[in-house]
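Quick look at what TrEMBL annotates:
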- 630-640: compositional bias 'Acidic residues' (COMPBIAS)
- 618-640: region 'Disordered' (REGION)
- 20-40: transmembrane segment (TRANSMEM)
- 203-222: transmembrane segment (TRANSMEM)
- 229-252: transmembrane segment (TRANSMEM)
- 272-294: transmembrane segment (TRANSMEM)
- 315-336: transmembrane segment (TRANSMEM)
- 369-400: transmembrane segment (TRANSMEM)
- 522-543: transmembrane segment (TRANSMEM)
- 549-566: transmembrane segment (TRANSMEM)
Amino acid sequence: VSELREWRPVICRKCTDTLWLLLFFLFWAGMMFITGYAVMAGSAERLVLGYDSFGNVCGRKNTPVEGAPLSGQDMRDKKYVFFLNSCSLEMQSLKISSVSLCVSSCPQEQLNSLEDLQSFARNNGSCLCIYNLNISNYTLNPKAAELCPTLPVPPSKSFPLFNRCVPQNPECYSKYATVLISMVNEMDIFHRILSGILAGRDAVIGLSCLALAFSFILVLAFRFIQTLLVHTLIALVVFGLLFVSGVLWWLYYDYRNDPSIELETEKENVKFLLGYAVFSTIVTVVLLSLILVLRKRLQYTVQLFQIVGKIIGRIPFLLFQPLWTFLILIVFWVFWVAVLLSLGTAGTAQTTSGGQVEYRALSGISYMAWYHFVGLIWTSEFILACQQITIAGAVITCYFNRNKNRPPPHPVLSSISVLFCYHLGTAIKGSFLITILRIPRIVLCCLYNILKQKEGACAKCLFKCCFCGFWCHENVLRYFHQHVYTTTVISGTDFCTSAKNAILILEKNSAQLASISCLGDFILFLGKVFVVCFTVFGGLVAFNYHRELQTWVVPLLLVGFFAYLMSHNFLSVFQVTVDAMLLCFAIDMETNDGSAEKPYFVDQELLNFVSQSNKLAEGRKHRSMRSFQDNEDGTELQPM
């Protein structure tokens, strides 16, 4: 029966790489244990909302701590952290030495005496002295000077960085900012990123939505207006690259020559702006050079995307596949960040002299954090691998269908069912291999940041070479995995067997398919650059006027990363479709001969396009060989 059946994706399948599926379940059992431990032992509210020196979380109703009489108070109306000595803060072991309180509002005007503190408490309901000191005793208690803030109390304003009351007096503001930034700098990278997100969370959310809109518009453009899209996209990318590079250099020049820059955060902004400007200029020069070299071949991309558009037109639900993947990733990332915050605040409350409370981290937290971090990379790569297999399965189902005008029913749902029933283990194994390559690169990056002040030029060069090597290897492996997944869906084999088959197919047809695939990937990369450029420009406009406490270069970097991730997620529909279509074409040419017994499955349009591309490549090769031979002949026959 199998000999009489036409060649197409196998009907009788079996589960592949089941051992890896079991290993992934065991790994997630460990993730669930860490989640339960973090929820029971941690308190993310302390980090996000802030807390006072007596163990009370601001903005929440608290439970009492043994040995701390001022703990366990209802702070639902007191949402801001106020330091009694905000003008002379000091750092001691990642902790601010000044006593902190939860208050309902920050003082908007300077308070010069205890009578002013008493009047402010009665008029605004915000007590700025220790909780057990009655408002009527502010001026009567002989120890009021120790229990109340240092006079004069500068005017302050609530700032969205952990709900702190930030003094507005220039001298106090500078000292306050320096202490807070030094505390953030001494924290690990996770807390630093979190502080950047919270400092500009409104702008980050808005710019992420802008990147999402740009990505979706670009997907629709690739689907419906292929004729003018390539030239318009190239023009917009060139304009965006030049414009963003120019704006970055202008901002760097403006910040560098600003005499009012004294804070460490503002100096860090200048350094990061210089790095952004240099990186943007290098990317601009490289991409413009590539566009200039490939300008004559860009016309073939219009035909390529017209063919891809027809395939997606037969499977319109493919356009919504990245949206579901994106939503699943967002839900997972929110879960991951929530667990990380709880894990970072896991500690035991211990009372000190004066009834104050300190939280000491438990042993083994760092190992749990690394395990949790591996789970982030592995699970994210697994979700993206599932999307690739789903898209490849739908394209394969439509390609190996004789009646092109009548596509098979529900190809996306059919591909999802095949994935979940048979090939989850293959997706897990492929994503684990990428995770193995990403973790050493991240470790090298962390070591480089730790040792960059101590190492020499040779060690820096070695670090960067290793970092680039891992990055290149990871991207090559990611590209190869797409062909492995496509081969798995077609033949129903495990990861290693599919990798072997994919290598054999690509080895025989690399000359035919490499140029077409690379050209399509280059245009899609330009689309990602377009989304990143205009999103980063929006971020520059949004963050440029916040030259205050927050280090806005961190949110800007995150916005650029999210914009690239979103555009990659959405445009991967076309990238995976092109790769799967070309691999199916190679298998079709390898298996069938176009005769009545073994007719091709390929569309005539795709066959003509590949033939034209190959003729163009062969013509260039013959011209170069003829030119070389003419030069040799001319040299030999040249008269004396």
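A Cβ is built for glycine as well, from the same backbone N, Cα and C atoms used for every other residue.
Nonlocal intrachain contacts for the transmembrane segment (522-543), taken as residues 6+ away from its ends with a CB within less than 8 angstroms of a stretch CB, comprise 200, 203, 206-207, 210-211, 214-215, 218, 222, 230, 233-234, 236-237, 240-241, 243-244, 247-248, 251, 283, 287, 290, 294, 298, 301, 305, 552, 555-556, 559-560, 563-564, 566-568, 571, 574-575. Just going by CB pairs under 8 A, the stretch in 20-40, 203-222, 229-252, 272-294 that sits most against the transmembrane segment (369-400) is 20-40. Among the listed stretches 20-40, 203-222, 229-252, the one sharing the most Cβ pairs under 8 Å with the transmembrane segment (272-294) is 229-252. Outside the transmembrane segment (203-222) by six or more residues, the chain places 197, 229, 233, 305, 308-309, 319, 322, 326, 527, 530-532, 534-535, 538-539, 542-543, 555, 558-559, 562-563, 566-567, 569-571, 573-574 with a CB less than 8 A from a CB of the stretch.
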